[in-house]
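For 36-435, the entry in TrEMBL reads domain 'Major facilitator superfamily (MFS) profile'. Marked as transmembrane segment by TrEMBL: 31-52, 72-94, 101-119, 125-148, 160-178, 269-291, 303-324, 345-369, 381-401, 413-431.
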Amino acid sequence: METKSTEPTEFSTPLLLSSSSRRISSSVPTILLLLTTLVAVSGSYVFGSAVGYSSPAQSGITDELNLSVAEYSIFGSILTIGAMIGAIVSGSIADYAGRRVAMGFSELCCILGWLIIAFSKVAWWLYVGRLLLGCGMGLLSFVVPVYIAEITPKDLRGGFTAIHQLMICCGVSLTYLVGAYLNWRALALVGTFPCLAQLLSLSFIPESPRWLAKVGRMERSEYALQHLRGKNADVSQEATEIRDFTEAFQQQTEASIIALFQLQYLKSITVGVGLIILQQFGGVNGIAFYASSIFVSAGFSQSIGTIAMVTVQIPMTALGVILMDKSGRRPLLLDLHKWKEFSPILALVGVLVYTGSFSLGMGGIPWVIMSEIFPINVKGSAGSFLTFVHWLCSWIISYTFNFLMGWSSTGTFFIFSSICGLTILFVAKIVPETKGRTLEEVQASLNPYPTKS
């Protein structure tokens, strides 16, 4: 049995304060919420820096270690294999040890991976380091958006969760930039800095109130919620909703990945898997891979092309963060996604339009929705499965893109365009709007709410 909380009275017993001295939990973020989100998205930056490392490091690694193109291709692609491994275990670690522990464990993997890469003398050590980086990245790609969604109020949740994608973009872009001035070993050592920053900060941020409720620590859950919303906020309604919803679903056993496909969770799993598959099969990795060749063939240098991509990607992702809780998820997925149908035809401009529209909509929103739609008893297994599907699809596109281009460049981009059109229909008919609704409201609308016995 849990011992009585020794925390200050104003946090552990919020209902004792008079209603006149309290305010309803509002949409104004507290300093703690902002700092907690900043710590969490440090992991997103690590994610981006791992993805962006292979491009600026390629010439230095291949020259110093005498790697062939095939050997360096293994180094680049093994990151995705590691991410799939990390994805498989991410839900279990986050469910049983907590969201903060999962982030800390992922950073330990990333730090070890960066150090192994920095001091590698032979190719296979590079592979080991890159594989560990991928494992950490797979964990982070699940736990960061889930943690942010669980700590933020409903009117801020979309924008705050979308910062995950913005920081990934920043990590990729700044790694490109710094990599132009540092050698590959120094760049790998620099990669440990954001890992250490998050690792050392995790003990100062609260655990997810919803995870605490899930493991039966109700007093700690309410204390964490009060701390995040501010001591004068009235969190009684939100705390009660979390407790009741968690207790109702806790009557059911933890669902395995196979159990996710029962009728009860059919709509949630369809929305989640559908968005992830369409996000990847819309050709984002292929566009990114082919972009430099398009820029060169259009008469621009590769560096100018990279700068142009960054100039479009970061502001558009930032705009998505701002609009997420104002316009909603569906409008960003529907209206802006239509432009992507024309991007293969427009060459240079098309790449930039595609990148911008993807960053604003499909880049981040599937992760936001994934963190919102699954009830607490299946969130771990569902998140693991969706994250694994994401990295599997990413690997499929990366691996097959050259073969498809060899077959027909026109046909390849026609396939991507058709999938983008299919995404519009999928979002219009199936994906729900989650703006302005609590996680419990979203999950109850998609999954049959079990009654207490």
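Cβ coordinates come from backbone N, Cα and C, glycine included.
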Field: Tertiary contacts of the transmembrane segment (31-52) (same chain, 6+ residues out, Cβ under 8 Å)
entry: 79, 103, 106-107, 110, 113, 133-134, 136-137, 140-141, 143-144, 147-148, 151-152, 160, 163-176, 179, 191, 194-195, 197-198, 201-202, 204-206, 227-229
Message: Counting CB pairs under 8 Å, which listed stretch among 101-119, 381-401, 413-431 touches the transmembrane segment (72-94) the most?
response: 381-401
Query: Taking residues 6+ outside the transmembrane segment (101-119), which of them lie with a CB under 8 Å of any CB in it?
result: 40, 43, 46, 50, 86, 90, 93-94, 125-126, 128-137, 139-140, 143-144, 147, 185-186, 188-189, 191-192, 195-196, 198-199, 202
Query: Short question: which residues 6 or more past the ends of the transmembrane segment (160-178) have a Cβ under 8 Å from it?
result: 29, 37, 41-42, 44-53, 55-56, 144-145, 148-149, 152, 187, 190-191, 194, 306, 310, 313-314, 317-318, 320-321, 324, 359, 363-365, 367-368, 371
Statement: Restricted to the domain 'Major facilitator superfamily (MFS) profile' (36-435), the mean pLDDT of the model is 83
